[in-house]
Structures are given as C-alpha cells and as structure tokens.
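**Q** The structure is given below, and queries will be raised subsequently.
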C-alpha cells in the first residue's frame with residue numbers, strides 16, 4: 001500500500017504541464033503575426049496622403065503603392081477593400097468617384113486636422129498631477145484638528161465662571177448680614193418719634209376749660 005500511494009499523484013503532473021506549453025506557443029505565434037507589419041488602414045492612409053492627384057487615388061493606383069511598400073496585394077485584396085470602406089465610414093478618406101471599394105479616394109483634410117489636434121491633448125494628459133493637489137487637501141484636515149485644541153480650552157473658560165459664581169455667592173451673604181443690623185436700629189427711632197406726637201392731645205384739654213370761666217364774669 002505504501003508503494004502505490006506516491007505513484008498516483010505523480011501521474012497527473014505531466015498532463016498539467018502540456019497545456020501550458022501549448023498556450024505559450026500560441027501566444028508567441030500571435031505576437032509574430034502582429035509584429036509582421038502595420039495594419040492595412042495605416043498603409044492605405046499613407047499611400048493616399050503621399051499621392052499628389054487632386055481628383056484622388058484610384059483603387060488600381062492604391063494597390064500599386066501598397067505593392068511597392070512590400071504589401072502582398074493579391075492575398076490581402078479583400079482586406080484592402082474592407083480597409084477602404086472602414087476609412088470612408090470613419091471620415092478619414094473621402095470617396096470622390098465610384099461606389100464601395102471601387103473608385104478614387106482622397107484624404108479628408110478635416111479628419112487629418114482632427115487627428116493632429118489630439119496630440120496636444122496628450123500633453124494635457126499630464127494633468128493627472130492634480131491628484132498631488134488632492135494630497136494637499138489632507139493638510140486642511142490637520143487644520144481641522146485645531147478646533148480640537150479650542151475645544152480643550154473651552155472647559156477652562158467654563159470653570160472660571162463657576163468659580164466666579166462661587167465667589168459671588170460667598171459675597172452675597174455678607175451683604176445680607178450688613179443690611180439686617182442697619183434696619184434694626186431705625187425701627188426704635190421711629191417708635192420714639194411717635195410717642196411725643198401722642199402727647200399733644202393732652203395740651204388740648206385745657207382749652208376746653210375756658211368756657212367755664214365765662215359764666216363767672218356774668219355774675
């Protein structure tokens with residue numbers, strides 16, 4: 001049993017390695033095909049731009065220019081026609097004569113000018129430096145930490161009014177004690193002033209005795 005157990009995992013190992021090699025070969029072959037030359041659309045645009053004919057380049061003249069550049073025209077005849085149609089639909093080429101792939105073609109100046117303008121836009125692609133400015137924003141967050149210091153200072157201010165309130169409360173009973181003895185001596189003084197006023201009616205009694213003397217004079 002111990003001899004058969006290690007033999008089982010050893011068998012699937014070569015089966016796993018084989019598809020990896022096939023994928024590597026396929027990717028290498030695809031890379032070689034792509035690196036063989038530029039696409040047909042680029043060759044067509046270069047050939048049309050190089051021609052000096054005002055009426056445009058005919059399909060026959062275009063094939064001659066591509067053959068002179070080393071492009072196999074006979075094998076890629078269908079690709080040339082498809083490339084012409086796609087360039088006309090995009091607006092890079094203008095068909096001056098004929099319909100479809102047959103006829104004469106001319107480079108669209110507006111499209112060429114539009115292709116030249118995107119180059120400065122690439123320079124504007126360097127604008128992602130603004131994220132560095134976004135990194136500066138966290139510095140403002142450090143400034144937001146300053147209110148925390150102010151929040152720590154506020155409790156100190158709250159303690160001061162509490163101490164002042166305690167001092168005022170301590171002072172207020174002193175005023176109350178000083179006010180009570182002042183009112184007490186005033187009350188007996190008023191009472192003394194009232195007693196002599198009550199003695200005045202006693203002086204009025206002798207005035208009533210004057211009429212008694214009048215009948216004595218008649219005698």
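Just so it is clear, glycine is given a Cβ too, placed from its N, Cα and C backbone atoms.
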**Q** Which candidate in 36, 78, 102 appears in Swiss-Prot with the annotation phosphoserine?
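**A** Matching 36, 78, 102 against Swiss-Prot annotations yields 36.
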**Q** When the domain 'H15' (36-109) is classified with DSSP, how many of its residues are helical, how many are strand and how many are coil?
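**A** The breakdown for the domain 'H15' (36-109) reads 36 helix, 11 strand, 27 coil.
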**Q** Rounded to a whole number, how many Å is the Cα of residue 106 (N6-(beta-hydroxybutyryl)lysine) away from the Cα of residue 52 (N6-(beta-hydroxybutyryl)lysine)?
**A** 10
**Q** Do you know which of the modified residues 52, 64, 90, 106 has the most other C-beta atoms within 10 angstroms of its C-beta?
**A** 106
**Q** Please report how many Å separate the Cα atom of residue 52 (N6-(beta-hydroxybutyryl)lysine) from that of residue 90 (N6-(beta-hydroxybutyryl)lysine), as a whole number.
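**A** Cα-Cα distance, residue 52 (N6-(beta-hydroxybutyryl)lysine) to residue 90 (N6-(beta-hydroxybutyryl)lysine): 22 Å.
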**Q** Using Cα coordinates, what distance in whole Å links residue 90 (N6-(beta-hydroxybutyryl)lysine) and residue 64 (N6-(beta-hydroxybutyryl)lysine)?
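**A** Just about 24 Å between their Cα atoms.
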